[in-house]
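See below for the structure under consideration.
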Amino acid sequence: MDQFFSSLLKKSIIPLENPPKWAKLFPYAFMLFLILISAVFLIPIFCAYICPLRIIYDPPAVTTTFQWITALIFVTGGLIFLVIGPLLTKKRLFCSFICPLMPANTLIGVINPFKVKINIDLCKKCGLCVKSCELFAITKESLAKGKTIIECAECGKCMDKCPAGAIDYKLMFTDQNIRFFYSAGNYL
């Protein structure tokens with residue numbers, strides 16, 4: 001959902017390139033919190049009460065004052081992190097700062113044999129990749145090291161924006177460019 005709204009405008013109204021470290025760590029703490037609370041109460045807290053898709057497709061009954069206040073908080077948060085924020089910043093704010101599934105995606109990315117790598121010798125330091133990354137996975141610091149940060153979803157938008165062709169998919173432990181093979185599945 002935030003991906004849709006982050007792609008509507010051609011240019012961001014509020015530039016946001018390097019969020020504070022605590023904001024990037026929040027999904028990990030949130031996931032741990034949800035696991036602990038779910039274990040204590042024996043109910044999937046995220047799926048039952050927080051998941052934006054469930055709230056849209058199976059909205060809970062709102063009959064008491066407490067439920068109205070809770071619904072108002074969630075609707076306001078949803079508007080900020082799923083609609084308004086992504087629209088103004090061209091970034092996926094919910095996925096980057098709240099979604100507890102992002103840490104799971106990160107763990108899968110660690111074992112994924114395909115990695116996004118930046119050829120420092122070809123890089124023109126224009127920063128278009130940093131601006132185009134919706135998940136803040138390329139920062140000026142990671143760009144200088146020739147790699148993305150661990151939360152990279154490997155969407156390839158940075159590759160599409162790079163005028164020098166300095167960013168490519170590489171097979172883990174090799175220097176072999178494999179973008180054609182990696183993205184060919186999108187066209188089959």
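Any Cβ shown, glycine's included, is placed from N, Cα and C.
As annotated by TrEMBL, domain '4Fe-4S ferredoxin-type' applies to 114-143 (among others). If you look at the domain '4Fe-4S ferredoxin-type' (114-143), the same-chain residues 6 or more away from its ends with a CB under 8 A from one of its CBs are 3, 6, 12, 15, 17-19, 24, 90-92, 95-96, 149, 151-172, 178, 182.
When averaged over the domain '4Fe-4S ferredoxin-type' (151-172), pLDDT in the model lands at 89. Among the features that TrEMBL reports, domain '4Fe-4S ferredoxin-type' is placed at 151-172 (among others).
Under the heading transmembrane segment, TrEMBL lists 28-56 (among others). Tertiary proximity for the transmembrane segment (28-56) is limited to same-chain residues at least six positions away from its ends with a CB under 8 Å from its CB atoms, namely 1, 74, 78, 82, 94, 98, 100-101, 103-104.
Among the features that TrEMBL reports, transmembrane segment is placed at 68-88 (among others).
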